[in-house]
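**Student:** First, the structure itself, so that you have it in front of you.
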Amino acid sequence: MSKDFDLIIRNAYLSEKDSVYDIGIVGDRIIKIEAKIEGTVKDEIDAKGNLVSPGFVDAHTHMDKSFTSTGERLPKFWSRPYTRDAAIEDGLKYYKNATHEEIKRHVIEHAHMQVLHGTLYTRTHVDVDSVAKTKAVEAVLEAKEELKDLIDIQVVAFAQSGFFVDLESESLIRKSLDMGCDLVGGVDPATRENNVEGSLDLCFKLAKEYDVDIDYHIHDIGTVGVYSINRLAQKTIENGYKGRVTTSHAWCFADAPSEWLDEAIPLYKDSGMKFVTCFSSTPPTMPVIKLLEAGINLGCASDNIRDFWVPFGNGDMVQGALIETQRLELKTNRDLGLIWKMITSEGARVLGIEKNYGIEVGKKADLVVLNSLSPQWAIIDQAKRLCVIKNGRIIVKDEVIVA
């Protein structure tokens with residue numbers, strides 16, 4: 001005999017409604033949210049008044065590099081101090097010898113770590129250059145397909161070495177987009193490329209040719225970084241790409257004069273520019289709250305995990321929210337609530353999935369049950385993820401993947 005519901009989550013605290021509800025699910029959709037749902041059901045979860053959240057969004061990762069520092073008593077690569085050039089050089093050495101199977105294994109390990117922590121959506125930037133070729137892209141796309149019932153992965157064909165530094169990058173990016181990458185990305189058009197106009201124009205040319213969005217790394221600080229982001233926003237408008245471009249990192253906002261940002265915010269809003277800051281590297285003076293209050297779309301992300309760029313990381317966005325609040329010295333309930341939005345609804349907007357995201361009737365049943373009373377306490381307590389639901393199916397229970 002058929003049941004009215006495939007799954008009901010009972011006594012779920014929904015922070016957006018500030019009350020406790022039942023959530024009724026059929027297939028992969030939420031079909032009812034009421035104080036008490038009646039009807040027959042195949043499976044039930046009692047949240048016991050604890051917080052139920054939409055799945056977390058990790059809006060900027062590098063899954064093809066993950067776990068490359070592991071396997072020895074001390075983390076590989078980390079006998080030397082960090083510099084950008086050293087990390088790029090170590091990456092080139094790695095990709096020269098890495099196998100398809102090794103990269104794919106690391107991607108799957110990364111994804112499983114994310115899923116255990118309740119992350120159900122991620123965007124990963126995959127190196128494409130004359131050394132890596134499309135080796136990493138092939139491995140990531142294959143893993144993405146195998147992981148589709150656990151996590152949604154967007155893949156950026158990323159010119160890590162620079163379009164104008166590594167002249168094979170353009171043709172290899174084209175090949176990667178032909179293979180099915182979802183976005184195109186570049187890096188530091190000023191200090192890496194030494195050609196702001198040329199690199200941005202090439203990125204838009206590729207994006208428009210393949211009808212994909214753009215996600216651009218801009219680490220540059222000060223006036224150089226602000227200029228690069230402003231030109232990216234201006235070109236977004238000129239190319240008819242409003243709402244389709246993301247700037248990742250944007251460290252320059254942390255040291256730019258406040259009046260510069262005040263002048264630029266209308267441009268960013270007009271262009272629909274999206275931003276991502278990564279909790280492992282967010283500068284302490286990053287004006288996160290100011291940007292959010294101004295209506296700028298700002299997500300949060302883990303960035304690299306245990307590789308030649310960063311020796312640490314575990315793909316846990318709730319831990320990331322705690323790190324972010326501590327780096328920025330945020331303490332109020334309101335501010336912690338805003339940080340929570342960065343790993344949920346703001347991240348969903350960055351990925352362009354907001355129409356199907358959230359706890360509302362008709363939206364996808366991608367949910368996390370936490371051992372916590374609220375988002376604020378979840379961050380403070382580092383709450384356990386009691387249950388993770390993807391497409392209406394329980395995929396994690398008691399911190400074990402069961403799907």
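Even glycines carry a Cβ here, placed using N, Cα and C.
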**Student:** Quick one: which of Asp129, Asp149, Asp152, Asp303 does Swiss-Prot put in the Zn(2+) site with His60, His62, His217?
**Tutor:** Asp303
**Student:** Could you tell me the C-alpha distance between His60 (Zn(2+) binding site) and His249 (active site, proton donor/acceptor) in angstrom, no decimals?
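**Tutor:** With the alpha carbons as reference points, the distance is 9 Å.
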**Student:** Tell me the Cα distance separating His62 (Zn(2+) binding site) from His249 (active site, proton donor/acceptor), rounded to the nearest angstrom.
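**Tutor:** Here the two Cα atoms are 14 Å apart.
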**Student:** With a radius of 8 angstroms around the mean position of the C-beta atoms of His60, His62, His217, Asp303, what other residues of the same chain does the Zn(2+) site pick up?
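**Tutor:** Going along the sequence, the neighbours appear as Thr61, His125, Ser248, His249, Val276, Cys278, Ala301, Asn304.
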**Student:** Which residue, of the binding-site residues His60, His217, has its CB surrounded by the fewest other CB atoms within 10 A?
**Tutor:** His217
**Student:** I need the least crowded one of these recorded positions (His62, His249), counting other C-beta atoms within 10 angstroms of each C-beta.
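**Tutor:** Ranked by other Cβ atoms within 10 Å, the recorded positions His62, His249 bottom out at His62.
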